[in-house]
Amino acid sequence: MEQKAFKRPFVNLFYIFFLSHLVFCQLDYRFYDSTCPSLTRIVRYGVWPAIANDTRMAASLVRLHFHDCFVNGCDASILLDDIDSTFVGEKTARSNQNSVRGYEIIDKIKANVEKACPSTVSCTDILTLAAREAANIAGASYWMVPLGRRDGRTANKTAANELPSPFESLDNIIAKFNAKGLDTKDVVVLSGMLSFNAIIINLLIIFSYMLNTGAHTIGFAQCFTFKQRLFNFGGSGKPDPDLEASLLKGLQTMCPDQVDSDTTLVPLDSVTTNRFDNSYYRNLVNSSGLLQSDHVLSTDNRTASMVLSYSRYPYLFLKDFGASMVKMANIGVLTGQDGEIRKNCKVVN
């Protein structure tokens with residue numbers, strides 16, 4: 001019995017790596033070269049004006065991608081609308097409703113792609129490319145995206161309600177990342193993109209999930225998500241002693257201890273609000289992180305050294321961010337004859 005118990009983790013690990021490699025091999029950087037050569041240009045020209053009109057949209061698109069991939073894999077299920085009582089989508093899940101944005105941007109890009117390449121490109125690949133373009137426009141390094149994903153025919157609102165939250169412990173967040181084949185490093189790099197910001201209604205992180213890290217290098221959080229640190233940390237009736245004094249004073253002014261300030265938006269990175277860079281990590285090292293879930297990253301032994309490295313070496317963060325995004329974009333993808341190529345991202349064919 002002990003021998004079997006000892007072997008099981010290694011067997012499970014083998015399958016995770018084997019299947020991940022198999023999925024990656026089914027995707028191809030040149031998948032649409034002959035069937036839709038203008039795809040990347042169409043997506044880019046759809047993302048650029050959206051961000052020019054609203055700089056927060058960069059974070060929103062990255063977050064939209066994160067929320068899709070963390071629920072049943074990257075299959076564009078988050079884009080599906082509810083249909084009366086016959087189909088329940090994910091848009092009204094706690095972490096998405098009145099919070100996730102960018103649906104109309106993807107729908108518009110899809111319509112333009114359909115004109116150029118009918119019934120060829122999945123909504124999932126369009127969303128994946130749009131997230132890459134959004135991050136790149138905001139300042140992230142450009143990373144290659146293997147393509148060939150297909151769209152799912154189902155949605156899972158229950159799973160969408162369980163996305164990582166800024167109110168969860170780091171242990172829970174890491175566990176949820178691990179369950180998707182991501183590791184602690186991915187948590188630190190992608191935390192901002194993750195649903196940390198996702199559940200934060202209008203969080204708008206550039207990487208909206210990742211626990212609150214790099215992804216939190218651009219975007220905003222509503223006051224209610226961190227107000228307890230300003231006035232009643234841990235039920236003490238006092239502010240969080242770890243918050244830098246001048247930051248605390250400024251936040252208390254922007255977010256007074258009254259209900260009508262709960263929805264006020266405050267930059268996650270006040271230094272370079274709309275720029276994707278490593279200022280977020282420098283802020284954490286200087287005790288100027290906004291969210292408690294962000295602050296923990298700089299104090300926990302599992303993540304503190306990575307936060308320090310990213311604060312010192314911006315190119316290291318940008319490189320790792322791209323690598324983690326690629327890993328995330330490979331979660332549970334459908335390829336070959338699985339799934340479908342939707343003509344309209346809002347409904348299954």
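First residue shown is number 1, and so on along the chain.
Cβ atoms here come from the backbone N, Cα and C positions, even for glycine.
Automated prediction, rather than curation, is the source of TrEMBL annotations.
According to TrEMBL, the protein has these features:
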ACT_SITE  His67  active site, proton acceptor
BINDING   Asp68, Val71, Gly73, Asp75, Ser77, Glu90  Ca(2+) 1 binding site
BINDING   Pro164  substrate binding site
BINDING   His216  heme b binding site
BINDING   Thr217, Asp269, Thr272, Asp277  Ca(2+) 2 binding site
DISULFID  Cys36-Cys117  disulfide bond
DISULFID  Cys69-Cys74  disulfide bond
DISULFID  Cys123-Cys345  disulfide bond
DISULFID  Cys223-Cys255  disulfide bond
DOMAIN    26-349  domain 'Plant heme peroxidase family profile'
SITE      Arg63  site 'Transition state stabilizer'
TRANSMEM  12-32  transmembrane segment
TRANSMEM  187-211  transmembrane segment
Taking 8 Å from the centroid of the Cβ atoms of Asp68, Val71, Gly73, Asp75, Ser77, Glu90 as the cut-off, which other residues in that chain fall inside it around the Ca(2+) 1 site?
His67, Cys69, Phe70, Asn72, Cys74, Ala76, Ile78, Gly152, Ala155, Asn156, Ala160
What's the CA-CA gap between Val71 (Ca(2+) 1 binding site) and Cys345 (disulfide bond) in angstrom, rounded?
17
Taking the Cα atoms as reference points, how far is Cys123 (disulfide bond) from Ser77 (Ca(2+) 1 binding site) in Å?
9
State the Cα to Cα distance, in Å, between His67 (active site, proton acceptor) and Ser77 (Ca(2+) 1 binding site), rounded to an integer.
10
Whole-number Å only: compute the distance from the Cα of Cys117 (disulfide bond) to the Cα of Cys345 (disulfide bond).
15
Quick one: which of these recorded positions, Cys36, Arg63, Cys69, Pro164, have their CA within 10 A of Asp75 (Ca(2+) 1 binding site)?
Cys69
Could you tell me the mean pLDDT over the domain 'Plant heme peroxidase family profile' (26-349), as a whole number?
85
